[in-house]
Amino acid sequence: MPRLFSYLLGVWLLLSQLPREIPGQSTNDFIKACGRELVRLWVEICGSVSWGRTALSLEEPQLETGPPAETMPSSITKDAEILKMMLEFVPNLPQELKATLSERQPSLRELQQSASKDSNLNFEEFKKIILNRQNEAEDKSLLELKNLGLDKHSRKKRLFRMTLSEKCCQVGCIRKDIARLC
């Protein structure tokens, strides 16, 4: 019997020494923060691994891309080289067919000139085109938001944030409340 008690005492001591929750990380502690402190706290909570794990896992790695003007001629060059190699290595291909294939293939210079003509828009014209498209898209999206009633929802969310910030500053708030805004 004394041996059983010594084992139970040993297990109890081991279990009591297990790491516990960090005191400042409790989700039920009241935090009173205003201004920059509140923003820092919000960034800490929303940017931490435990709260933002799903958002980080959904992100896809972005591929590095070069400028499109450089990519296009190189792809044209590769296609031309592949076609030339195919024409050389197919011995049974009649000369007439080889001639028609090479006639159909535009020269590399022609393809590069047509690509550069398309890309040599005046900077001001390019800027105007982009601004016009952005304005059209904004007008359409605002009209759709008004039709769907979503603009009221975003206002409510902003008002909720304002009241929560006032609450955190004056009374205090819980980490879970701040985490809901992430």
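Glycine too: its Cβ is placed from the backbone N, Cα and C atoms.
Per Swiss-Prot, the pyrrolidone carboxylic acid annotation among the candidates Gln25, Gln113 falls on Gln25.
Cys173 is paired in Swiss-Prot with Cys168, the candidate among Cys168, Cys169 named as its disulfide partner.
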